[in-house]
């Protein structure tokens with residue numbers, strides 16, 4: 001156990017986050033502060049209000065990235081705030097089994113040993129995945145701890161744990177029995193690596209390709225129909241060509257037939273309003289088995305559906321001589337063969353949008369496959385109830401995006417061709433019956449035999465995570481709880497709906513909308529009261545981070561260099577609702593300097609405490625603002641400013657304006673308390689006891705944002721030790737205070753004092769007097785003021801021997817005019833001529849610099865050829881030079897030296 005003396009010695013060396021963060025975190029976690037009843041001391045014997053927030057479960061394969069860091073930081077800020085407010089708080093942690101990603105990780109390890117999953121078999125392979133999960137999965141959990149977040153770790157859930165497996169089965173069977181889950185042959189998005197994909201798992205990219213004009217000979221004619229396509233390799237599956245019924249060029253051909261190139265198969269010419277007459281030749285091929293739009297056309301016109309390649313993209317017998325070849329690799333060979341036989345009219349450059357797999361980047365193929373789907377009808381009530389105000393989005397504009405997507409919702413393909421994941425709970429009896437069951441090996445209701453054959457596919461990962469808001473609270477988990485329990489019987493009643501969800505806007509449709517429709521459909525209740533969607537974290541230039549750009553920011557490196565508090569505060573202060581976060585070294589340095597400012601303020605207060613009361617005073621530390629009397633004018637003023645900040649921070653947190661809360665704290669602690677409160681205390685040493693108590697309270701106010709340094713400094717000022725006393729994370733959060741006229745008058749008093757001091761310092765700087773003690777300063781005030789209070793602070797801080805209050809401007813003086821006063825210094829021995837010469841020389845240099853920059857920025861060639869960064873640099877230089885020139889001109893006017 002470390003002694004107080006050792007801790008004090010650490011303080012003298014300077015604040016080092018690495019000395020504090022891991023130690024304080026381990027103590028708080030061990031004491032159970034993060035758990036639901038961790039703040040029971042604040043409940044005061046009453047039934048507390050409940051607050052719940054769900055961690056978006058990161059992939060078990062993942063590591064902490066900067067987007068995670070933002071999500072978890074915001075979640076932890078609001079969780080700490082609610083916990084300190086006395087709420088019974090659940091911050092639910094968890095991990096996602098990440099079907100495709102996890103299976104691929106284990107597959108690579110096995111392949112490196114020369115082992116395939118097929119040689120192992122399904123059960124043995126899944127056992128290997130579980131083995132990997134226990135040994136290597138979940139690295140991100142320890143990284144979260146380094147960030148300082150406080151979820152109830154004892155309740156950590158995994159989307160493949162036994163309880164959640166039961167919840168998944170219950171949801172599937174319930175929807176299946178309601179006819180909301182069906183299996184059928186559908187046109188799906190197909191990745192040759194990852195199998196079926198839902199619509200939102202397809203990412204569209206601009207593709208610079210070709211448009212091929214192919215000749216399809218018209219039956220019993222010497223002429224050909226010119227058909228335009230971007231995918232010539234799919235013509236083997238054509239079962240028709242179509243034209244617009246209003247296209248005069250082709251009306252006479254409707255109902256006739258063409259002969260398919262190379263294969264010689266006869267296919268009809270049909271009319272369909274789907275055809276865009278301006279695209280290509282106005283005539284397009286119809287490939288119902290390999291195109292989303294053609295699939296619908298094929299059904300409308302009863303065309304055959306011919307599949308030409310398998311699940312891996314390999315051509316089958318329907319592709320003739322190209323059987324056994326990969327479809328994309330064969331494209332140039334197919335085009336060459338068509339050209340050799342005179343079937344290519346022309347080829348043009350063409351730009352279009354091509355769908356790619358969101359995970360592996362492969363081109364996605366429309367493919368007819370027997371899959372399981374959740375019907376879109378599950379979403380009907382969810383749309384209406386959100387719009388009735390049962391759930392609120394922050395920022396509010398996300399409601400429009402939610403509505404637009406939900407109203408265009410299609411059936412959701414939920415089956416995946418994997419081994420790792422929630423196996424679809426459908427069983428096939430030898431009698432031909434099909435049963436959806438929550439239990440394994442169910443009894444067939446038709447023939448009464450035990451069914452042993454289960455569906456081979458697993459569910460989309462988003463299916464299980466879509467139940468996260470309530471499955472983690474015990475829904476569907478019956479008889480699968482553990483010791484210690486992962487949930488309690490009353491959890492759903494207390495914590496559902498969840499109070500708040502915080503996540504990135506990029507998974508609004510992947511996850512948030514699906515949780516909403518799942519909660520509404522399965523529990524008849526929306527899963528959240530509020531949903532806060534934050535934007536992206538970008539680099540300092542506003543660029544999206546990517547490995548290819550080399551601009552990835554690793555949060556663990558930031559924590560190692562700056563500490564978790566600096567990263568948390570930086571992310572929070574930059575996170576305005578609806579705006580991307582531009583993270584830079586400069587912004588991190590500002591937050592780091594803030595931590596140093598707090599550390600130095602603590603040292604100053606303790607130094608003065610020791611000077612005033614000796615070692616005994618240091619041993620007692622500073623009191624709490626609720627237990628001492630604040631009597632000095634400075635103490636009373638800083639207390640009013642503290643409560644003003646408290647009111648504003650509380651309002652910001654209640655409305656999820658995290659950046660506003662951080663800005664208010666920064667402004668108060670640095671700009672008001674450190675820059676003015678501590679400075680003014682040099683002229684009011686009796687106020688030190690009061691300022692120390694106020695600063696302790698301010699550290700509690702800041703604590704949700706910067707938990708480690710606030711806890712450490714609070715204990716230093718309190719003369720206590722985290723080893724033997726409670727953390728401030730279970731201290732009551734400062735309460736709001738109603739402002740009155742007396743408070744406003746006190747604020748105005750110190751605004752005047754600060755204004756006079758600032759004015760005198762500005763005047764001394766203009767006259768190059770530096771820190772020289774001035775014999776006399778004349779001050780003309782705009783309104784009556786208590787002179788003794790003014791003299792007490794001004795003479796000490798502005799270094800003035802005599803303060804003379806005047807009603808008019810004295811003779812032979814130079815002055816400074818500000819909001820509340822005019823301050824004057826008699827010229828006496830001041831060499832105005834030397835000052836004037838210096839200012840005029842500076843002005844000439846600046847004027848030359850401005851002329852040069854203006855000429856450069858007005859030069860058309862420079863504007864045309866200069867990189868953007870160079871342009872911005874020169875524009876900034878011009879702005880700064882103009883500001884300096886304006887200041888010099890103002891000083892010359894004030895000194896009466898303008899010429």
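Glycine is treated like the rest: Cβ placed from N, Cα and C.
Sequence annotations record features per position, and here Swiss-Prot assigns motif ''HIGH' region' to 58-68. Sequence-distant contacts of the motif ''HIGH' region' (58-68) (same chain, six or more residues past either end, CB-CB distance under 8 Å): 95-98, 101-102, 105, 133, 137-140, 143-144, 147, 158, 504, 536-537, 545, 552-556, 583.
Among residues of the same chain six or more beyond the motif ''KMSKS' region' (544-548), those with a C-beta under 8 A of the stretch's C-beta atoms are 66, 536-538. Look at Swiss-Prot and you will find 544-548 tagged as motif ''KMSKS' region'.
The ATP binding site annotation in Swiss-Prot covers 547. Taking a C-beta cut-off of under 8 Å and a sequence gap of six or more, residue 547 (ATP binding site) has no contacts in its own chain.
Annotation comment: Swiss-Prot describes 836-898 as coiled coil, evidence class sequence analysis.
Here the motif ''HIGH' region' (58-68) is broken down by DSSP into helix, strand and coil counts: 3 helix, 1 strand, 7 coil. Counting residues per DSSP class in helix, strand and coil order gives 0 helix, 1 strand, 4 coil for the motif ''KMSKS' region' (544-548). Averaged across the motif ''KMSKS' region' (544-548), pLDDT for the predicted model comes to 80.
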